[in-house]
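Taken from Swiss-Prot as is:
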ACT_SITE  Cys60  active site, cysteine sulfenic acid (-SOH) intermediate
DISULFID  Cys60-Cys94  disulfide bond
DISULFID  Cys60-Cys94  disulfide bond
DOMAIN    18-167  domain 'Thioredoxin'
Amino acid sequence: MAEITFKGGPVTLVGQEVKVGDQAPDFTVLTNSLEEKSLADMKGKVTIISVIPSIDTGVCDAQTRRFNEEAAKLGDVNVYTISADLPFAQARWCGANGIDKVETLSDHRDMSFGEAFGVYIKELRLLARSVFVLDENGKVVYAEYVSEATNHPNYEKPIEAAKALVK
């Protein structure tokens, strides 16, 4: 199990840590229009999943903007940002900030993604900052659990992993 801190204090992650080589576990999240989306909907394309605690914080804002910029250069790759924010808040933020290459998804309903990927912070009901890259069959080829949730993830490594898979 990954161990992380939030503002310097240890927190409990619920679920099983996902590792490179694992088949990504199934989950269900909500789109901004309240439609369900699952792992099955992501298969068939290389997928980057950027996980953030809340879209309305500085690092999460910067992380989502960075992956939106990178998504424009990647070609046929799914790029998602998942948080526990309400879908309406995600849609408002994306609209206000011109985010159109990354699709935001909400895990607020039942934390299905958070538990499946081992990123659900029990004490805060938020998701831990992390990044995953899946191949077109849903196999994990990159996984990063950021050790301090208020820090930035590595941006270059997941982008490189996704580029290596695009044919």
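A Cβ is built for glycine as well, from the same backbone N, Cα and C atoms used for every other residue.
Applying an 8 A CB threshold to same-chain residues 6+ apart, the list for Cys94 (disulfide bond) reads Asn32, Asp100, Val102, Thr104. Residues near Cys60 (active site, cysteine sulfenic acid (-SOH) intermediate) in space but far in sequence (CB under 8 A, at least 6 apart, same chain), listed by position: Ile52, Pro53, Ser54, Ser83, Arg129.
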